[in-house]
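A.B. asks: Quick one: structure below, then a few questions.
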Amino acid sequence: MSKSLQAIRGMNDILPEQTPLWRYFESTVARLLDNYGYKQIRMPIVEFTELFKRSIGEVTDIVEKEMYTFEDRNGDSLTLRPEGTAACVRAVLEHGITGGGQTQKLWYIGPMFRHERPQKGRYRQFHQIGCEVFNLDGPDIDAELIVLTWRLWGQLGIRDAVKLELNSLGTSESRGRYREALVEYLSAHLDKLDEDSQRRLKTNPLRVLDTKNADTQAVLVDAPKMADYLDDESRTHFEGLKARLDAAGIPYVINPKLVRGLDYYSKTVFEWVTDKLGAQGTVCAGGRYDGLVEQMGGKPTTGVGFAMGIERLILLLETLEQIPEEISRQVDVYLCAFGEAAELAGLALSEQLRDQLPGLRLQVNAGAGSFKSQFKKADKSGALYALILGDDELAQQVVSVKPLRGQGEQQSIAFDALAAHLATCIVQG
Ligand code: ATP
Ligand code: MG
């Protein structure tokens with residue numbers, strides 16, 4: 001196929017055989033968030049470029065080199081959203097729904113776009129589910145966000161494969177003092193730092209902490225620690241969070257080098273990581289961003305949130321073979337009709353069945369065909385039963401119900417008893 005007729009590198013089709021797992025994942029998360037009292041918000045996929053520059057920060061990887069930015073026909077600079085928080089903050093400000101200290105517990109789902117090097121677990125269009133909470137500044141809500149993701153891992157059967165890493169970045173004042181100390185220390189070891197870290201030292205020094213370079217990591221062993229620079233407020237907040245996680249029985253490790261890629265975090269930062277996916281091991285990440293709303297022109301409004309990467313979690317479900325059995329079957333019954341009269345009767349009957357059993361997953365054979373070919377299709381559909389309608393059945397106003405998965409004998413069931421019969425033998429997934 002010519003190149004122009006292929007999908008863009010790093011942007012994937014999610015094929016019919018994969019969508020059941022996606023829908024299972026998405027509905028599991030949606031139900032959980034509903035149950036915790038979070039409300040869904042939907043933002044556009046495109047925003048003014050300025051929004052991301054202002055919120056994510058000019059000297060971050062995302063803004064420096066990963067954004068899909070283009071000019072609108074009227075000359076405006078627009079960007080495909082690389083993450084959800086910026087647009088969410090923009091939306092709550094624009095609609096005044098966090099004004100006067102109003103609390104909002106929100107969630108969103110959708111595609112994000114970053115021009116990164118595509119590899120397993122890293123794509124250019126990927127999908128996130130995220131939560132953002134506004135105007136609740138205590139550690140109780142930070143804990144709730146972590147507790148609910150922990151419950152989700154439990155529901156998905158992946159708890160044993162993920163680990164929680166936690167850190168506190170303090171308030172912007174304490175982070176400022178720490179940044180100074182770090183810059184002073186790293187500047188004294190400048191020649192031992194890798195090139196990237198030397199550059200970051202000038203632009204975004206905290207990012208040096210999460211370098212992958214071994215030489216720089218060696219220098220960092222004796223670097224000043226954020227924990228020693230935390231102000232009392234941040235320290236109390238962090239202790240409050242840890243106490244709640246302990247009370248909820250959620251294991252965690254403190255990772256003093258966890259700084260997160262975005263500029264806007266303060267106090268709590270956390271990541272759920274797995275060692276089952278290779279290098280792309282972070283499946284969910286978040287933190288507190290108490291200064292962001294103000295930075296974007298709003299009244300002081302605290303915020304905390306996270307985003308999980310759907311592709312990575314789907315990969316993890318597949319890797320751990322945590323795919324529930326019921327999602328692999330998508331058809332309950334398959335109706336085969338032989339001859340035109342039977343086909344017409346079959347259509348009427350199937351619509352009647354759909355009225356009577358709204359949850360029934362009924363596939364009607366299309367394109368006619370011999371006994372053999374229709375049975376083959378019925379079997380391939382994964383249905384539990386084939387409903388057979390031929391001249392004999394029609395004459396007697398019955399349907400032959402043939403089990404396809406070895407559950408008993410074929411039975412003749414009268415048209416008007418069919419719904420009740422199917423209701424007893426099909427347990428809805
Ligand atoms: P990473 O360190 O892996 O680049 P990040 O810190 O850039 O992640 P965030 O911006 O915090 O990621 O996004 C939250 C989550 O979204 C990540 O933990 C990950 O699961 C997912 N994610 C981020 N970028 C990608 C991508 N390019 N492809 C697939 N998933 C991604
Ligand atoms: Mg990244």
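Heads up, the Cβ atoms here are built off N, Cα and C, so glycines get one too.
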A.B. asks: Let me know which member of ARG114, ARG151, ARG244 TrEMBL also records as binding L-histidine at the site of GLU83, GLY84, THR85, GLN128, GLU132, ARG260, TYR264, TYR265.
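C.D. replies: Given GLU83, GLY84, THR85, GLN128, GLU132, ARG260, TYR264, TYR265 bind L-histidine in TrEMBL, the matching entry from ARG114, ARG151, ARG244 is ARG114.
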A.B. asks: Just name the most isolated of the binding-site residues THR85, GLN128, going by other Cβ atoms within 10 Å of its Cβ.
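C.D. replies: Comparing Cβ neighbour counts within 10 Å for the binding-site residues THR85, GLN128 gives GLN128.
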A.B. asks: Near ligand 1, which of the binding-site residues GLU83, THR85, GLN128, TYR265 have CB less than 6 Å from any of its atoms?
C.D. replies: GLU83, GLN128
A.B. asks: Measure the Cβ-based neighbour count of ARG260 (L-histidine binding site), defined as the other Cβ atoms within 10 Å of its Cβ.
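C.D. replies: Within a 10 Å radius of the Cβ of ARG260 (L-histidine binding site) lie 21 other Cβ atoms.
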A.B. asks: Could you give the mean pLDDT over the domain 'Aminoacyl-transfer RNA synthetases class-II family profile' (1-358), rounded to a whole number?
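C.D. replies: Residues in the domain 'Aminoacyl-transfer RNA synthetases class-II family profile' (1-358) carry a mean pLDDT of 94 in this prediction.
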A.B. asks: Are there residues of the same chain, six or more positions away from TYR265 (L-histidine binding site), whose CB falls under 8 angstroms from its CB, and which are they?
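C.D. replies: Correct list: LEU169, VAL259, GLY287, ARG288, TYR289.
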A.B. asks: Where the record says GLU83, GLY84, THR85, ARG114, GLN128, GLU132, ARG260, TYR264, TYR265 bind L-histidine, what is the longest distance in Å from one Cα to another among those residues?
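C.D. replies: Spelled out: the longest distance between any two Cα atoms in GLU83, GLY84, THR85, ARG114, GLN128, GLU132, ARG260, TYR264, TYR265 is 21 Å.
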A.B. asks: By a simple count, how many Cβ atoms lie within 10 Å of the Cβ of GLU83 (L-histidine binding site), its own Cβ left out?
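C.D. replies: If we count other Cβ atoms within 10 Å of GLU83 (L-histidine binding site), we arrive at 19.
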